[in-house]
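Features as listed in Swiss-Prot:
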DISULFID  C38-C98  disulfide bond
DISULFID  C54-C144  disulfide bond
DISULFID  C56-C72  disulfide bond
DISULFID  C71-C125  disulfide bond
DISULFID  C78-C118  disulfide bond
DISULFID  C87-C111  disulfide bond
DISULFID  C105-C116  disulfide bond
SIGNAL    1-19  signal peptide
Amino acid sequence: MHPAHLLVLLGVYVSLLGAARIPPLPLNLIQFSNMIKCTIPGSQPLLDYANYGCYCGPGNNGTPVDDVDRCCQAHDECYDEASNHGCYPELTLYDYYCDTGVPYCKARTQCQVFVCGCDLAVAKCLAGATYNDENKNINTGERCQ
């Protein structure tokens, strides 16, 4: 085998090792994102809301910075309540459909109904809230006390 072929194979191998360490997005997060796209066509929820304010994304403390952040706070609280009822919101998949900008839940189990209801409420809430670019990627240590 030629040395150039070995280098190509080594490159492919290293690339595959790196890709194997990238965790996939939970299916519920993708489903949730699509529900938001139903109420806010053209949005990119995974980018727009990933690090917005004190509650949209991984953080969840302090005083919400605006209505968008209050929507995310309510969603966090709804997921907490679902967890208190024995559900696993981040892992729960459900059926829903979108009709002219309005999502509808078609959930079957109690946990699907609960989680779909949480996602439905925040999707509608975000659609009615004004997005402020200044609240994206804020210093949560300073602003979320």
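Backbone N, Cα and C atoms are what each Cβ position is placed from, and that goes for glycine too.
Since we're looking at a predicted model, the values are computed, not measured.
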Specify the nearest of the disulfide-bonded residues C54, C56, C71, C111 to C105 (disulfide bond), where nearness means the distance between Cα atoms.
C111
Which chain-mates of C54 (disulfide bond) that are at least 6 residues away have a CB under 8 A from its CB, listed by sequence?
N60, N61, G62, T63, P64, V65, D69, Q73, I138, T140, R143, C144
Per DSSP, three-state class assigned to C56 (disulfide bond):
strand
Just to be sure I understand the packing, how many Cβ atoms besides its own are within 10 Å of the Cβ of C56 (disulfide bond)?
26
I need the CA-to-CA distance for C118 (disulfide bond) versus C71 (disulfide bond), whole Å please.
10
I want to verify one value. Collapsing DSSP to three states, which class is C98 (disulfide bond)?
strand
Can you tell which of the disulfide-bonded residues C38, C71, C87, C125 lies nearest to C116 (disulfide bond) in space, using Cα positions?
C87
In three-state terms from DSSP, label C105 (disulfide bond) for me.
strand
For C56 (disulfide bond), identify the closest of the disulfide-bonded residues C38, C87, C125, judging by Cα separation.
C125
